[in-house]
Amino acid sequence: MDHSHHMGMSYMDSNSTMQPSHHHPTTSASHSRGGGDSSMMMMPMTFYFGFKNVELLFSGLVINTAGEMAGAFVAVFLLAMFYEGLKIARESLLRKSQVSIRYNSMPVPGPNGTILMETHKTVGQQMLSFPHLLQTVLHIIQVVISYFLMLIFMTYNGYLCIAVAAGAGTGYFLFSWKKAVVVDITEHCH
């Protein structure tokens with residue numbers, strides 16, 4: 001049976017058994033597509049601790065030494081802390097920019113000579129206001145950072161996963177201690 005259309009991926013039939021493999025999780029397999037050569041990185045499906053040939057978000061950003069992994073750990077840790085701080089900053093800005101709602105009551109004559117109180121609610125927030133535009137930009141930044149952190153965690157590299165979790169925990173500890181909101185309205189990926 002011809003499996004050339006599977007782009008270098010190997011498959012087993014129902015009679016074969018899988019042998020344990022000690023290949024590095026990012027071993028590349030070359031394949032041809034439409035006459036052009038390209039390389040495909042095999043994504044690990046289990047957690048591992050290593051620093052050789054670890055791609056971090058972009059194909060040109062490859063970790064190969066312990067020093068590079070230490071630098072990546074610090075950068076990812078700080079990014080996760082920044083994410084938590086950004087969530088709290090957005091909540092604070094939202095609370096400050098919310099227009100207080102005023103209720104005006106006035107007596108209105110009702111049927112049979114009764115007097116009713118008519119209440120008007122005044123809200124002054126607009127879609128094209130500076131606070132709303134700022135919240136929109138900060139929301140975009142927060143979403144992008146949350147996806148970056150998710151993709152970093154999905155490398156299954158133990159060091160990078162620890163950096164994400166430790167950075168998020170430290171950021172929460174540092175920035176959320178005054179947080180009075182029980183429901184987190186700006187949560188994206190937890």
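Yeah, the Cβs are placed from backbone N, Cα and C, and that goes for glycine too.
Given the structure is predicted, the values throughout are model-derived calculations rather than measurements.
Residues or ranges marked as N-linked glycosylation site in Swiss-Prot (evidence: similarity to another entry): ASN15.
Residues or ranges marked as phosphothreonine by Swiss-Prot: THR114. Under 8 Å, Cβ to Cβ, and six or more positions away along its own chain, THR114 (phosphothreonine) finds no residue.
For 1-35, the entry in Swiss-Prot reads region 'Disordered'.
Per-residue pLDDT, averaged across the motif 'Methionine segments (Mets) motif' (7-12), gives 45. If you look up Swiss-Prot, you'll see 7-12 marked as motif 'Methionine segments (Mets) motif', on the strength of similarity to another entry.
The annotation topological domain 'Extracellular' is assigned in Swiss-Prot to 1-61.
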